[in-house]
Amino acid sequence: MKPKDLKSPFKWEHRQIVIQDRVWYVPDQHLSDIPFIFPGWTHDQTFAQDKPIYLEYCSGNGAWIASKAIEQSQYNWVGIEKKFDRTRKIWSKIKKFELDNLLTICGEGFHVTRDFFANESVDAVFINFPDPWPKKRHAKHRIVQPAFVKEIHRILKSDKLFTLVTDDAAYSKIMIDVIYQTGGFISLFEAPYYTTSYPGYGSSYFEELWREKGKSIHYHVFRKI
């Protein structure tokens, strides 16, 4: 099925939180009179099978997470992407490859995490090529903020890994600083706390794009302590 085949289950003036056809919609407001109750990860609406949850933020068009769901079917994969046009592309891949171990969430990462993920419920977290918002006046829009890192620490199981990937050297340093200042994590790499070679990690649209432009990719891996 093509991305355009996915239609929103509600009109904007009647937006609501709903899980439908491998997509979990989390708009900025829930305007239904019926409260949303998350059914759990083993419900038919989500995964049915009880497997470790691997969570990706900034999923983009879904190339990375779809390939991971195919290669590593022993995990349940969740991709969070706030833009509906990109969510459609992830959904299209779910349908094309019949991925019953991949669910996409269309919503804002921090609020979705805070409102719907239980303590120590996730086995791995990935953030691939988040928008660096390089201008100082836009810094508040960056996903890697102290409050967000605290939420990742809360939902991640003990000793599990938090991986971040960027092509932006300045943002790499910012993310490292935020994580260490927030606390609760330790890098798997010695200073400068990243590697530019991480075989087997997988590729995405942005990774291929920036490599073609000659950019170096920074991989950061932190363990929850």
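Positions of Cβ are set from backbone N, Cα and C atoms, glycine also.
According to Swiss-Prot, the features are:
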| type | residues | note |
| --- | --- | --- |
| ACT_SITE | Asp131 | active site |
| BINDING | Glu56, Glu81, Glu108, Asp131 | S-adenosyl-L-methionine binding site |
| BINDING | Lys135, Asp167 | substrate binding site |
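Swiss-Prot feature annotations superimposed on the structure.
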residue : record                               : contacts (Cβ under 8 Å, 6+ apart)
Glu56   : S-adenosyl-L-methionine binding site : Trp64, Ile65, Trp77, Val78, Gly79, Ile80, Val125, Phe126, Ile127, Asn128
Glu81   : S-adenosyl-L-methionine binding site : Cys58, Ser59, Gly60, Gly62, Thr87, Ile90, Thr104, Ile105, Cys106
Glu108  : S-adenosyl-L-methionine binding site : Val26, Asp28, Lys82
Asp131  : active site                          : Cys58, His141, Arg142, Ile143
Lys135  : substrate binding site               : none
What number of additional C-beta atoms lies within 10 angstroms of the C-beta atom of Asp167 (substrate binding site)?
18
Taking the mean position of the Cβ atoms of Glu56, Glu81, Glu108, Asp131 as the S-adenosyl-L-methionine site, which residues outside that list, in the same chain, have a Cβ no more than 8 Å away, listed in sequence order?
Tyr57, Cys58, Ser59, Gly60, Ile80, Lys82, Lys83, Gly109, Pro130, Ile143
Could you state, as a whole number of Å, the largest distance between Cα atoms of any two of Glu56, Glu81, Glu108, Asp131, the listed S-adenosyl-L-methionine binders?
14
Can you tell me the three-state DSSP label for Glu56 (S-adenosyl-L-methionine binding site)?
strand
